[in-house]
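**Student:** According to Swiss-Prot, the protein has these features:
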ACT_SITE  Tyr140  active site, proton acceptor
ACT_SITE  Lys178  active site, proton acceptor
BINDING   10-11, 31-32, Lys38, Lys53, 75-79, Asn92, Lys144, Val170, Lys178  NADP(+) binding site
BINDING   Asn169, Ser180, His187, Phe201, Glu202, Gly203, Ser204, Arg209, Tyr272  substrate binding site
MOD_RES   Lys267  N6-acetyllysine
Amino acid sequence: MIIVTGGAGFIGSNIVKALNDKGITDILVVDNLKDGTKFVNLVDLDIADYMDKEDFLIQIMAGEEFGDVEAIFHEGACSSTTEWDGKYMMDNNYQYSKELLHYCLEREIPLLYASSAATYGGRTSDFIESREYEKPLNVYGYSKFLFDEYVRQILPEANSQIVGFRYFNVYGPREGHKGSMASVAFHLNTQLNNGESPKLFEGSENFKRDFVYVGDVADVNLWFLENGVSGIFNLGTGRAESFQAVADATLAYHKKGQIEYIPFPDKLKGRYQAFTQADLTNLRAAGYDKPFKTVAEGVTEYMAWLNRDA
């Protein structure tokens with residue numbers, strides 16, 4: 001069996017899909033379906049069982065077994081970069097992850113977990129997986145950074161695989177439940193389909209991020225499971241592209257629309273990553289050599305998926 005925490009969420013459900021595509025259906029999805037809209041991410045997927053995250057954590061802490069577990073993909077977390085309840089964030093992202101890590105280490109179960117580019121904070125260059133480059137801007141980034149630091153202490157002694165992926169700006173199918181935290185491509189598509197003007201912040205040609213397609217993210221996760229490599233790795237494309245490029249690809253697909261530029265909100269000033277670009281040196285050195293989709297390629301594929309029933 002393979003366990004996917006956050007399996008009804010954005011990246012987790014795409015990992016479930018990638019496993020299904022390889023003929024793997026003996027999957028336990030762990031999630032919190034308090035937000036009932038997330039169920040749609042699993043409707044077209046095949047899993048063996050579902051468990052609430054609180055029940056799962058109780059069983060993990062009690063040392064209970066789940067049968068023959070081949071691996072755990074740990075994607076479950078609070079991923080809101082605007083959530084400032086530090087206790088909630090640390091319980092959800094840090095303590096939970098530590099419990100799961102020790103459970104896996106005791107049983108030599110591979111653990112592949114979600115870290116984040118938020119660990120780098122506001123820097124504009126040198127996104128390198130090393131302590132001197134890490135300075136998170138928010139408590140979400142800090143919770144991810146602290147778990148990475150914890151893993152670094154344990155890695156030299158670990159007898160089983162531990163791998164963390166610092167996700168950059170992931171976009172693609174199955175993110176609709178994320179609301180305001182969904183990608184720009186998702187929001188632009190919704191605005192166009194609602195007959196509204198698609199909106200970007202003023203200066204969006206200058207805001208550049210490493211936008212990585214979720215299908216590529218799932219591919220990397222499965223490659224690492226198959227190859228057993230441990231460590232903490234950036235997971236982006238290695239290319240920074242502008243929000244304007246995302247809008248251009250969206251409009252090109254729809255063949256209509258004109259961008260309306262809106263003022264940059266005060267509440268985000270100083271807390272907003274203006275530039276991200278993954279350094280892929282370590283990922284490539286680990287042996288992962290597949291190309292990543294460009295924004296034009298990924299957004300076009302995503303638009304076709306979003307509008308498949310149109």
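Glycine is treated like the rest: Cβ placed from N, Cα and C.
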**Student:** If you count Cβ atoms within 10 Å of each one, which of the binding-site residues Asp31, Glu75, Glu202 comes out on top?
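**Tutor:** Result for the most crowded candidate: Glu75.
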**Student:** In sequence order, which residues at least six apart in the same chain have a CB under 8 Å from the CB of Lys38 (NADP(+) binding site)?
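**Tutor:** Ala8, Gly9, Asp31, His177 - these are the non-local Cβ neighbours of Lys38 (NADP(+) binding site), listed in sequence order.
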**Student:** Considering Cα atoms only, can you say which of Phe10, Ala77, Asn169, Glu202, Ser204 is the nearest neighbour of Lys178 (active site, proton acceptor) among these binding-site residues?
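**Tutor:** Comparing Cα positions, the candidate nearest Lys178 (active site, proton acceptor) turns out to be Phe10.
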**Student:** In the structure shown, with every protein chain counted, which of the binding-site residues Phe10, Tyr272 has the densest set of Cβ atoms within 10 angstroms of its Cβ?
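**Tutor:** Top count of Cβ atoms within 10 Å goes to Phe10.
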**Student:** Could you tell me the maximum Cα-Cα distance in Å between the residues recorded as binding substrate, namely Asn169, Ser180, His187, Phe201, Glu202, Gly203, Ser204, Arg209, Tyr272, rounded to a whole number?
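**Tutor:** Max Cα-Cα spread across the substrate binders: 20 Å.
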**Student:** Out of Asn169, His187, Ser204, Lys267, which of these recorded positions is nearest Glu75 (NADP(+) binding site) by C-alpha distance?
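**Tutor:** Checked the recorded positions Asn169, His187, Ser204, Lys267; minimum Cα distance to Glu75 (NADP(+) binding site) goes to Asn169.
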**Student:** Work through the recorded positions one by one (Phe10, Ala77, Tyr140, Lys144, Lys267) and name whichever has its CA nearest to the CA of Asn169 (substrate binding site).
**Tutor:** Phe10
**Student:** Starting from Lys267 (N6-acetyllysine), work out which of the binding-site residues listed here (Ala77, His187, Glu202) have their Cα within 10 Å, and give them in sequence order.
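**Tutor:** Checking each Cα against Lys267 (N6-acetyllysine), there are no hits.
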**Student:** Among the binding-site residues Asn169, Ser204, whose Cβ has the fewest other Cβ atoms within 10 Å?
**Tutor:** Ser204
